[in-house]
Structures are given as structure tokens and as C-alpha cells.
Amino acid sequence: MGEYKPITNDVSVDVESGTVTKIDEPKKSIRPAQHRLVSLDVFRGITVALMILVDDAGAFIPAINHSPWNGVNLADFVMPFFLFIVGVALALAYKRVPDKSDASKKAVLRALKLFALGLFLQGGYFHGVHNLSYGVDLSSIRVMGVLQRIAIAYLLVAICEIWLRNDGDDPPVDSGCGLLRKYRYQLLVGLILTVIYTILLYGVRVSDWKYEIQDGTSSPQYYYVKCGVRGNTGPGCNAVALIDRKILGLQHLYRKPVYKRTEECSTRSPQNGPLPVDAPSWCQAPFDPEGLLSSVMAIVTCLIGLQFGHVIVYFKDHRSRIMLWLIPSCFLLALAFCLDFFGIQMNKPLYTLSYTCVTAGAAGILFAGIFVLVDVYGLRKPTIAFEWMGKHALMIYIFIGCNLLPVLIQGIYWKKPENNLLKLIGI
């Protein structure tokens, strides 16, 4: 992540941020370019700050926490914003691709590194702030996660950007229609993925299924979930969870799903609470919010960000850029509310089409606003902290978002591991 690769004899581009550097011919020395898309760093930093806010305060303020099921709250915008940013950065990173095979190999390697890091952090090796054990049971390791989803989206979209482009075949891009024409095959991929997702979500029949809960103190408890339906988008009988159960296995899914805070599963909804007496049987079942089928639409979000990045590459006029961002963003928002009105509800765990549209549209408008303030008017001082956070987003996510810093602090204690610095400060 963040390494430089050559794209011409005298120019190189940072893969993660899209920063351009020029190489002087006589000395072959590298010096930073004068123009950097600071707004992308600021947007990434704001997203990181938002992630920290909802993680720490979401348990006390339900309005900013993840929605228990249908609907969107503030926390539900974090993941799509990251995916959108990855798409924008990829458009800048692969502005020139002299060797497509070599670029593809590097993209695969970076994606594998990111996936492996996510598996290490979210697979169960670090068990939590209040659990002093460590290590991971491979029979129950969580396979998917935030970084794993970003790795999958990064890889697929990078391959699209490397191979599905019409360099030299089409006339120069001088309008929005020209941009659509040049990258029509990428748009076709996004459409195909959306159709596949929709067919599977509404077309796959979900049969009855069961799961067990083992607390270690008594014999396992078995729960049976009665389904036998097709096209259901509720927590217990949807195709998204079915595919994860069949391919990944129940033991490899996330064990604290958001639907535990629904009215059916919590007496303190929308917060966590005891199970109601008449709680449905699926309330304690594992469910992965970063599962396989829902990641298909995550790729679509990244593809949308890629098209926004193309606007930066081909249009140098600020007014043109802003208009080409705001028009599709408003269209996506309007489409999202129309879909929601007609029954395709906004749902983050399922990553529905309406959710994809509303989060991508919001990302586009926010990015355009940040671009105007930071890159057009040069208001960098008020956003300097966000800019720094954006440049070190992965490090911050690892140490704070994944609780790695508190876990490391636990290693300093007095006589007993329980008497550590975290206990001293009341965490």
C-alpha cells in the first residue's frame, strides 16, 4: 500500500492516493509534484473520524449507530465512503498503464496483502479489549470483514480499470457522454453485477435451517428457523445469509449481527438488551455484514467512485468537474428514494440497490463539497487534521478501529494481567 510505480519514463503515481511525482531526466531524482488532490485525503480522513465516532459513541446514541436492519443511520455511510474513495484513487493511480500484465500482478498482490491483514485483525486473533486471551481457532475464524471486502472491491475494480478501457479507440473525452462512452464496458460490468445480485437476492429459495449455540458450560442448544420462502429480505430468511452459510459455513460468520438490536430481538431496541419472551428463533444466529453476496454491490460502489475519479483525469475545469459530480450524485439519491418507496428498502447488512445508490450519491456530493472548499478555495488549515488522518488511514484503522492499541496497552500491568493501564483509566 502507498508504494510508487512508474507509469511513464518521467512520471510515477502513488497507487493509494493518486499523488503524482516527476522524475528529472539528468539526475533521475524524484521530487513531489506541486499538485495533489488534497480533497481526497480530507475525505478519507473525515471518513476515518466518522468511523471512530460511531464506534465509540454509537452504543450510547442509537441515531448514529448502525441501523438494526432496514433504514440508514450515520454509521451506515462509513463502509461505502471508503469504497467510493478507493474507486476515485484507482482512477488516478491507473491513469497510464504501460504494462497491463505487470499492473495486474501488483494489484493482485496488494489485494492479497490487504485481505490477509483483515483476516489477521478481524478473524479472531485479538479477542477484544476485555478479553486477555489471544490466538485464533481456525475452525471458527471469521473469513470476511471490512478490509477483506475492500480488498475484493479493490482487486475487481483495479482489473476493470487496467483492462476495460478504450485507449485510442474513441474520440477525445470532452463531455460527460464521452466519458460514459469511453468506459462503457466498466459500466456494463456494474450493471451485470447489479443484475446478478438482484436475481440471487429475490430469486433464490431459502429453505428451513438450524444452528447451535455452545456456551461451554452446558450441552449445545439448537435453534430451528422456518423459512421456505423466496425473495425475503428479513433477517432470518434472506438469500445473502443463505449463500454465506453454504459457502463460508456458520462457524465462520460474524456472531454479533446488528439485528440483535431489532424490536423482535431486544427489549431495549434500538440498543442491545435481553431477548423478549417471544423472540424469533433467528435472533442469535450468526450473520456477516461483509458477506459474499453483499460484497457484489460493494464492488458496484467502488466502480461508481472510479467513474468520479475519471472526471478528475479528463476534466481540468473546476466547474465541469463539479457539475459532472453533482448531476449523477443527485440522480443516485433520487433513484435510491424511488426504489425505497417501491419496496426495495435501504439496508446495509444486505447492501441493497437503494442503499448502494443513496450512499454513493451522498459520497459524491460530500466529495464535491470538500473539493470546492479544499482544492478550489484552498481552505486547508481547518482540515489539516483530517488531511493527516487521510494519509494514515490504514494505520489509524489498525490501531484504533480494530482496538489494537488498547490490546497492546494491556501488556503493561502490575502483578496481574487484569491490573493494566486500561483498568486504571476506567476502560
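Glycine too: its Cβ is placed from the backbone N, Cα and C atoms.
Taken straight from TrEMBL:
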DOMAIN    36-159  domain 'Heparan-alpha-glucosaminide N-acetyltransferase catalytic'
TRANSMEM  37-54  transmembrane segment
TRANSMEM  74-95  transmembrane segment
TRANSMEM  107-126  transmembrane segment
TRANSMEM  146-164  transmembrane segment
TRANSMEM  185-204  transmembrane segment
TRANSMEM  292-315  transmembrane segment
TRANSMEM  322-344  transmembrane segment
TRANSMEM  350-374  transmembrane segment
TRANSMEM  394-414  transmembrane segment
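Within its own chain, the transmembrane segment (322-344) has Cβ neighbours under 8 Å at 176, 179, 304, 307-308, 311, 315, 352-358, 360-365, 367-368, 371-372, counting only residues six or more beyond its boundaries.
The residues of the domain 'Heparan-alpha-glucosaminide N-acetyltransferase catalytic' (36-159), classed with DSSP into helix (H, G, I), strand (E, B) and coil, number 77 helix, 4 strand, 43 coil. Annotation: stretch 146-164 has the most Cβ pairs under 8 Å to the transmembrane segment (107-126), among 37-54, 146-164, 292-315, 350-374, 394-414.
Counting residues 6+ beyond its ends, the transmembrane segment (37-54) has Cβ neighbours under 8 Å at 17-19, 64-66, 74-75, 77-78, 81-82, 85, 88-89, 92, 312, 366-367, 370-371, 373-375, 380, 383, 385-391, 393, 396-397, 400-401 in the same chain. Looking at 185-204, 292-315, 350-374, the range that has the most CB pairs within less than 8 A of the transmembrane segment (74-95) turns out to be 292-315. Long-range contacts of the transmembrane segment (292-315) within the same chain, counting only residues at least 6 positions beyond its ends with a Cβ under 8 Å from a Cβ of the stretch, are 18, 37, 79-80, 83-92, 95, 144, 149, 152-154, 156-157, 160-161, 173, 179, 182-183, 186-187, 189-190, 193-194, 196-197, 200-201, 239-240, 243-244, 247-248, 321, 324-325, 328, 332, 349-353, 355-356, 359-360, 363-364, 367.
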